[in-house]
Amino acid sequence: MSMEVKRGSPKLFWNLAAHAPRLARLSGPLVLQNLSGFMLSVISTAFIGHLNDKVKLSAAVMASSFYNITGYSLVIGLSAGMETLCGQAYGAGNYAMLGLVLQRALLICWVACVPISLFWTQAHRLLLVLHQEPEIVTGASSCMYRYLVTQQEVRPPMICTIITAALCPAYNWLLIYRFELGLDGAAWAFLASTATYTLLLIAYTVLREWLQYKNNSPRRTWAGFSWRAFSDWGTYLRFAAPSAAMICMEWCAVAMAAWYAANLLGAYWVLGLAMGHFAMGHLAIGHLAIGHLAIGHLAIGHLAIGHLAIGHLAIGHLVIGQLAIGHLAIGEHRPNGLSPKHAMRTYMIPMSLGTATNTRVANALGAGSAGAARTAARAALSAAVVLQLVLAAGLFAGRHLVARVFTLETEIVYNVGRIMPALAASAVGDGLVAVLGGVLRGAGRQTWGAVLNLVGYWLVGCPLAMLLGFTAHLDVVGFWCGLAAATSLQAIILAVVVSRFNWDLEVARAAKLVSSHAAIAAPQQQQQQQQQQQQQADGRQVFATGFIATAHYCARQ
């Protein structure tokens with residue numbers, strides 16, 4: 001059944017309205033979680049900025065970007081295979097499959113960390129900050145996060161992230177200043193934050209599973225460690241590999257564009273720096289904008305990295321010795337630091353909505369409900385269209401007001417006003433891509449997303465951004481227009497693809513996928529059922545024995 005819409009259908013309207021609160025209940029906590037994860041990067045960079053050393057700040061920012069591009073992107077991509085497998089298994093009621101997939105995902109992510117760590121040991125002369133190797137605990141936290149979210153458990157990860165964000169300043173102060181570890185202290189603080197988040201997630205999951213075990217809940221998802229986790233990696237990688245490819249292609253595409261821009265300018269290889277060159281006519285090594293990716297550290301990979309990689313959080317805008325809202329340094333203003341920052345904020349809602357959509361669609365397909373999956377996709381897309389259009393209109397209408405919040409300098413206000421229309425257009429495409437991408441992940445169609453990222457970023461976005469920025473002399477506005485065109489193209493193609501979904505076929509695919517694991521999960525479920533039956537039989541036997549003894553006693557009396 002395709003997504004054909006009967007215009008004016010009251011039933012369709014009320015179905016969409018009924019799904020809206022459900023999506024809001026899932027996406028609301030995710031927004032708060034992503035904002036908390038975003039603050040971790042701001043806090044860490046602020047502490048490094050107070051070291052009053054431009055070289056250290058630049059090194060930290062470069063290390064963060066190197067960490068994201070060469071390690072974090074791969075790990076969160078590989079863990080994303082859980083979004084399809086766990087989501088559909090939970091909807092189908094195959095709860096034991098979730099625990100098995102979690103173990104398999106952890107093993108695969110940890111195996112992937114081995115070559116990453118070996119590669120980083122060879123890059124230590126350039127990036128000394130990376131020797132703490134936090135990608136191992138990051139992989140664990142990413143898997144635990146997806147394990148909970150696919151079961152519509154979104155509040156526990158949110159609370160864990162908020163607690164971690166609250167502890168982050170203490171970690172940084174203690175390790176950077178109290179123990180006088182300097183830049184290494186910042187790396188250890190990041191590791192401590194990531195470990196804290198991971199341990200909190202594990203603690204909650206263990207407690208929840210223990211309570212379910214104690215209450216003999218049929219929804220138990222953990223049946224113990226299994227050797228089966230070492231098998232059937234091919235099925236998992238069939239969904240995880242395209243997800244990893246999607247993220248890696250986005251990040252690498254922008255890195256290549258940055259390298260191209262740097263060669264044209266004879267400057268640094270970061271695209272954010274090239275854009276800063278357009279805005280100000282000079283580059284400051286202490287203000288490397290390549291820290292844009294750092295905001296994804298504890299956002300567990302649900303960021304559409306394509307725009308983050310254009311300098312969304314130009315961390316270099318944290319002035320040495322002072323923090324001016326994270327992007328404005330008096331005397332070295334860069335309008336691009338404002339617009340990307342707001343782009344990141346505007347992306348929080350559709351990013352979270354996309355994750356909620358993924359969960360709802362996957363659960364519905366696993367449950368065999370083509371109608372519920374179709375309606376969830378429609379409701380999410382409708383909400384995204386409304387939200388992003390309102391947001392884009394607000395950005396355009398307040399394009400000068402936004403800059404005046406941070407500075408009154410006429411040149412800065414003017415330049416930000418030039419960038420905001422392109423940013424508003426980009427926000428619409430970004431939001432729709434985030435939600436439609438959630439539909440693809442829920443249906444297990446990540447390969448299509450990987451192909452579209454290849455076309456959108458490698459064949460359209462980056463070349464067009466360079467063409468408009470340099471050849472057409474549109475400077476930073478040209479870069480944003482190129483990226484807006486790429487995301488708009490992706491949104492249109494994705495909308496066409498999803499509109500042509502045969503949802504009955506998607507249900508059949510989900511049933512086949514879950515049933516392929518049913519034989520694996522069945523022995524564990526049968527063991528649980530046998531234990532419950534044995535307990536019930538023991539209880540009946542005790543009752544019967546007591547009843548007979550009582551009867552004999554009464555007869556003797």
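First residue shown is number 1, and so on along the chain.
Any Cβ shown, glycine's included, is placed from N, Cα and C.
It is 379-399, from the ranges 232-252, 379-399, that TrEMBL records as transmembrane segment. Between the stretches 60-81, 280-301, 302-323, TrEMBL puts its transmembrane segment entry on 60-81. Contact between the transmembrane segment (30-48) and the transmembrane segment (154-174) is supported: at least 3 Cβ pairs lie under 8 Å, counting only residues 6 or more apart in sequence. Contact between the transmembrane segment (379-399) and the transmembrane segment (419-439) is supported by 3 or more Cβ pairs under 8 Å, counting only residues 6 or more apart in sequence. Fewer than three CB pairs closer than 8 A are found between the transmembrane segment (419-439) and the transmembrane segment (60-81), and contact between the two stretches is not assigned (pairs 6 or more residues apart).
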